[in-house]
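Structure, as C-alpha cells:
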Amino acid sequence: GNNIYYKITLLLSGGATMLCMRWRIMGTGPPAFTEVDNPASFADSLFVRAINYNYYYSLNAWLLLCPWWLCFDWSMGCIPLIKSVSDWRIIALAALWFCLIGLICQALCSQDSHKRRILTLGLGFLIIPFLPASNLFFRVGFVVAERVIYLPSIGYCMLLTYGFSLLSKQAKKKKMLAAAVLGILFINVLRCVIRSNQWRSEEQLFRSALSVCPLNAKVHYNVGKNLADKGNQTAAIKYYREAVRLNPKYVHAMNNLGNILKERNELQEAEGLLSLAVQIQPDFAAAWMNLGIVQNSLRRFEEAEQSYWTAIKHRKKYPDCYYNLGRLYADLNRHIDALNAWRNATVLKPEHSLAWNNMIILLDNTGNLAQAEAVGREALELIPNDHSLMFSLANVLGKSQKYKESEALFLKAIKANPNAASYHGNLAVLYHRWGNLDLAKKHYEVSLKLDPAAPGTKENYSLLKRKLEQLQKKGDV
C-alpha cells in the first residue's frame with residue numbers, strides 16, 4: 001500500500017514540476033495566437049465555434065482511422081470554416097458522436113464487466129490525452145496537428161484490438177476477417193513508407209501538402225521558399241503570388257516576393273508589396289529594411305534612410321540593416337556616417353565580412369591607408385579565412401609599398417578563390433609596380449583568360465608588353 005502512495009506522489013510531483021517549468025518557459029502566460037493559426041477560436045458566433053471544434057475532432061478521428069491526408073501544417077485556410085447547418089461536412093460530426101455515444105453507452109451499461117473495463121480504459125486513453133488540444137479549456141495554436149493524436153492512438157489501438165477479438169469470435173469466415181486485417185495493415189505500412197520518404201527532403205514534404213491543403217497559403221509559401229533557396233526564382237514567384245492571393249495579409253510571403261522582384265530589378269512592384277507588408281505589420285523589421293534597399297535603388301535616399309532607421313527601431317540588433325544603411329551613406333558621400341554604420345554592423349556581428357570589406361575599401365579610396373590597414377588586420381583576426389578581406393588588405397598594403405606582405409595575401413586569396421580574375425589582375429599590378437615583370441605578365445594573362453573584359457587589365461597588360469618590348473630592344477642593342 002505504501003509503495004502505491006509513493007508512486008502516486010512521485011508522479012504528481014513530477015507532473016507539477018514539469019507544469020511549472022512549462023509555465024516559466026511560456027512567460028507565466030498563454031502564448032499569443034492569430035486568426036490564421038486557429039480561425040474557429042476567433043469566430044464571434046458560439047455556434048460556429050462549437051460546430052467547427054467538433055469538425056476538427058472528427059478530422060482527428062479520421063486521421064486515426066485512415067491516416068491518408070497528412071500535412072505538415074493545417075493552418076491558414078487549410079480547413080474552411082463551417083458557417084451553416086447546410087454544409088455537408090456536418091455529417092462527419094454526426095458520425096463521430098454517433099460512434100462515441102454508442103461506445104460510451106456500452107462502457108457504462110454493458111452487463112459484461114470485462115467489456116466495460118476494456119471500453120472504459122480504451123475511451124479514457126482515447127479522450128483524456130486529447131482534451132488539452134480540444135480548445136475546451138484554452139485556445140490552441142493549430143487546427144489539426146498530427147502530433148496530438150499520438151497518445152490517443154493508444155486508446156484507439158485498444159478499442160480496435162478489442163473490436164477485432166469480438167469479431168473473430170462471432171465471424172463464421174475467420175480467414176476472410178484475418179485477410180482483411182492483414183490487408184489494412186499492409187496498406188497502412190505502405191502509407192508509412194510513402195510518408196517517411198516524403199520527410200526525406202523539404203521539397204518532397206512541402207509538395208506533398210499541396211494536394212492535401214491547396215487552400216493553405218503557408219504550404220505555397222514553403223514550396224516557394226524552397227525553390228527560391230535552390231535558385232529557381234521564376235517558379236518561386238508563382239508560389240509566392242499564390243500564397244499572397246490565398247492570404248492577402250501574409251506579410252512574410254510579400255516580403256520574400258518583394259525580395260525576388262527587387263533582385264530582378266522589378267522595383268515598382270517590389271516597393272508596392274513591401275509597403276503593403278509594413279502597413280499590415282508596422283513592426284516587421286525585415287520588410288522595412290528591404291523597402292529601404294528598394295527605395296535606395298530608386299534613388300529616393302531620404303525615404304530609404306527613414307525605412308532603415310524604422311527597421312532598426314523595431315529590431316535593435318540588426319547588423320544587416322546597419323550594413324545597408326552604410327551603403328546608403330556611402331552613395332551620398334557621407335563617409336563618416338557610412339563608416340559608423342558599418343562599424344555598428346561589425347560590433348553586432350563580428351563575422352560580417354561585407355561590412356569589414358566596405359570599411360577597408362572606403363578608407364582605401366579616400367586615401368586613409370593607415371586606417372584601412374588597421375581595419376583590415378582587425379577583420380582578418382576575426383575572420384582569418386575570408387579571401388575577400390585578404391584581397392582588400394593586400395591592395396592597401398600594395399599601395400603602402402609593403403610589397404612582400406601584399407604578395408603573400410594576394411597568393412593566399414588566390415589559393416582560396418583561384419578563379420577570381422580581379423585577384424590575378426591586382427597581383428599583376430603589384431608585380432608590375434615591384435618590377436617583377438615576368439610574374440606580372442603571367443598574372444595579367446591569367447586574369448584576361450578568366451575575364452577578357454576585366455576593367456583596366458587590358459590596358460595594364462598593353463603597357464607591360466610595351467615595356468618588355470623596350471627592354472628587349474635595349475638588350476639587343
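Cβ coordinates come from backbone N, Cα and C, glycine included.
Sequence annotations record features per position, and here TrEMBL assigns domain 'DUF1736' to 29-101.
Among residues of the same chain six or more beyond the repeat 'TPR' (217-250), those with a C-beta under 8 A of the stretch's C-beta atoms are 36, 71-73, 75-78, 202-203, 206-207, 209-210, 256-257, 260-261, 263-264, 273, 280. The repeat 'TPR' annotation in TrEMBL covers 217-250 (among others).
If you look at the repeat 'TPR' (251-284), the same-chain residues 6 or more away from its ends with a CB under 8 A from one of its CBs are 217, 220-221, 224-225, 228, 233, 236-237, 240-241, 243-244, 290-291, 293-295, 297-298, 310, 314. Taken from TrEMBL, the feature repeat 'TPR' applies to 251-284 (among others).
Taken from TrEMBL, the feature repeat 'TPR' applies to 319-352 (among others). Sequence-distant contacts of the repeat 'TPR' (319-352) (same chain, at least 6 residues past either end, Cβ-Cβ under 8 Å): 285, 289, 292-293, 296, 301, 304-305, 308-309, 311-312, 358-359, 362-363, 366, 379, 382-383.
Taken together, the residues of the repeat 'TPR' (421-454) have an average pLDDT of 90. The repeat 'TPR' feature in TrEMBL is assigned to 421-454 (among others).
Using a Cβ-Cβ cut-off under 8 Å and counting only residues 6 or more beyond its ends in the same chain, the transmembrane segment (59-82) has close neighbours at 36-40, 43, 48, 51-52, 89-90, 92, 96, 130, 142-146, 148-149, 152-153, 156, 188, 191, 195, 205-206, 208-209, 212-213, 215-219, 222, 246-247, 250. Summarising the annotation, TrEMBL assigns transmembrane segment to 59-82 (among others).
Marked as transmembrane segment by TrEMBL: 88-109 (among others).
TrEMBL lists 121-142 (among others) with the feature transmembrane segment. Distant neighbours of the transmembrane segment (121-142): 30-31, 33, 37-38, 40-41, 49, 53, 56-57, 60, 74-75, 103-104, 107, 148-149, 151-152, 154-156, 158-159, 162; these residues of the same chain sit at least 6 beyond its ends, with a Cβ under 8 Å from one of its Cβ atoms.
With a cut-off of 8 Å between Cβ atoms, the residues of this chain six or more beyond the transmembrane segment (148-167) that come close are 60, 63-64, 103, 118-119, 121-127, 129-130, 132-133, 142, 177, 181. Feature annotation from TrEMBL assigns transmembrane segment to 148-167 (among others).
Under 8 Å from some Cβ of the repeat 'TPR' (421-454) lie the Cβ atoms of residues 387, 391, 394-395, 398, 403, 406-407, 410-411, 413-414, 460-461, 463-465, 467-468, 471, all in the same chain and six or more residues away from its ends. Per DSSP, the repeat 'TPR' (319-352) is made up of 27 helix, 0 strand, 7 coil.
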